[in-house]
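Q: Sharing a structure, written as structure tokens. Questions coming.
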Amino acid sequence: MLLRPNSGNTLKYGCLLTKRWLTTSKLLYSVEDMKIKIGQEQYRKALEERIDKIPIENYRNFSIVAHVDHGKSTLSDRLLEMTGVIKPGSKSQVLDKLDVERERGITVKAQTVSMFYNDGKQDYLLHLVDTPGHVDFRAEVSRSYASCGGALLLVDASQGVQAQTVANFYLAYSMGLKLIPIINKIDLDSANIPGAREQIETTFELDPNECIPVSAKTGLNVEQIIPSVIKNIPSPVCDVNKPLRALLVDSWHDPYVGVVMLVHIVDGRMKKGMKILSAHTNRTYDVKEVGIMYPDRTPTSFIKAGQVAYIIPGMKNPREALVGDTFYQMGKHEGLEPLPGFEEPKPMVFVGAFPADGKEFNAMDDQMQNLVLNDRSVTLEQKTSNALGLGWRLGFLGSLHASVFKERLEKEYGAKIILTAPTVPYKIIYKNGEEKIVTNPDDFPDNQKHHDVESYMEPYVEAIMTVPNEYVGNVMTLCLNNRGEQKEIEYLTTGQVLLKYEIPTSQLVEDFFGKLKGCTKGYASLDYEEAGYRKSDIVKMQLCVNGEPQDALTTVIHRSQAQARGKEYVTRFKKFLSYQLLKVPISLKIIQKVVARETIKAKRKDVTQRLHAADISRYKKLLERQKEGKKQMKLSGRVTIKNDAYQAFLRRED
């Protein structure tokens, strides 16, 4: 019979020699092998049989908590090889579906993969939920963690605990996940296993004896992980006999089938043809397909409580897929409560976006809309700039989110785009008690008294940084220069220092991480979380050319930085403007007061070059006419600024 599992798994010299999976004899097969051997339909039925026979008590849903480059994707690949989901060496970074994820080494969209495991006595169904680690995608992470019972806490043996490890640990711990510490990269010469154990004990208060030292690259000791997952991580709290309740973990748009949703089935069953109801939009959908990720979409006739699986709901508008939404079976939803965790995404970074060539607006608008369909956390609205023409105002979860969006737009559609400097949402408190959130610098008041403003508030973040001992002074100076306030400092083993600062979000989005890397020679790591609003002395800063404000370059800044920043702005922008026939002043205004100014001298045409030296009256007449012409030009003329100048300035080119 197809469902007989193999009894063992052998590792030799760190290389995987055999794999657990479905087998007809002692010879083992991977997913691809079995599809070819027995045919798609028989394979699907065998898969459903196996899932149906596994009790919920034998389900394990888990994630991997790790800092970037600590080996999360490699470890995932080894686990998939161990359980026969993929052939050894056949794929790498299976769970990173997007090109930008593979290139940057980060996870942007939540993914899952199902695995079968047999310990020689009984079958287990495992769901590995791969989540974004960066704070920009933290809302998606919390939904993904809600579908898990535990997580592997991955620490690099050579680098130790890093900022993102700490931030993600606290999020997982706060949600009650059981954590299993894994020390990775023990095959490196620089590996310090005792130091990593000590850090795990002192930083996370976890038992160092529970740490599993592994090498995800070679496969050494990886076979110890799944038995530990089964032993330590609890099965999901679900009931297959209750009415359907499914939590939406993530969604994406497929050009062939439309919206695909990743869901955690908390109660009941879902099958093809079922009519489901959204708890938050009250819309109904006919389920076109259900299945598991194994590792790609594998259709099944049903999915049941405890599973993390995909559905194709026949949804026409992808923006109706709200992460954290609850779905019921139509007609069996009376008295059911939505699952906790729904929250509308709140953009924290806003940019203006304009096509490099204004003629491309219509084509790029379609491309922009298509990309936004894949990421509901992006807000999009059209806007017009007197400097750059038609464009959009985009809202993102953070600066990394904005950078990833721009990169995907350029790589997937070949679009060339100009992004203005990032801004954050400021809060204005009026004297009558009203509050207003401003996300566009153009809408920020020019004069506090004139607009009856009581005070301004700006958002802050708590930044968590890990740096080597020798660079602590440099980092403290950087934080001080960016208006940071120190909250905590902790000296870790392995020569690392953990710093916590509260920093204005506006300073963070101005390439703070790049500066941090620069002052530590690339050895620092950073993570952060929102820390609320604080009262602040912030002002609107307008760059004017020939007296006309350039709205694409308007920004909001703290008053203490205005003078220096203003001088830098006008000096740098002057470099990108060509000479005109009249004198052009470039000024920086704050509350209608000029705080910095540069002037581009006028081109001078020698109108007297063909005159005879003795013709004085003619000489004076031509000069007078030229002078009068310049007066008229000054009254009616406008300075033409090419898009290249804005692009170079916003890219901070010299």
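Each residue, glycine too, has its Cβ placed from N, Cα and C.
Just lifted these from Swiss-Prot, have a look:
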BINDING   66-73, 130-134, 184-187  GTP binding site
DOMAIN    57-237  domain 'tr-type G'
Q: Have a look around Thr131 (GTP binding site) and count the other CB atoms within 10 A of its CB, chains all included.
A: 30
Q: Just to be sure I understand the packing, how many Cβ atoms besides its own are within 10 Å of the Cβ of Lys72 (GTP binding site)?
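A: Total other Cβ atoms inside 10 Å, all chains included: 27.
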Q: I'd like the number of other C-beta atoms within 10 A of the C-beta of Ile186 (GTP binding site), please.
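A: Result for Ile186 (GTP binding site): 21 other Cβ atoms within 10 Å.
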Q: Considering every residue in the domain 'tr-type G' (57-237), what is the mean pLDDT value?
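A: Here the predicted model's pLDDT, averaged over the domain 'tr-type G' (57-237), is 84.
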Q: Other than its own, how many Cβ atoms are within 10 Å of the Cβ belonging to Asp69 (GTP binding site)?
A: 15
Q: According to DSSP, which kind of secondary structure is Lys72 (GTP binding site) found in, if we only use helix, strand and coil?
A: helix
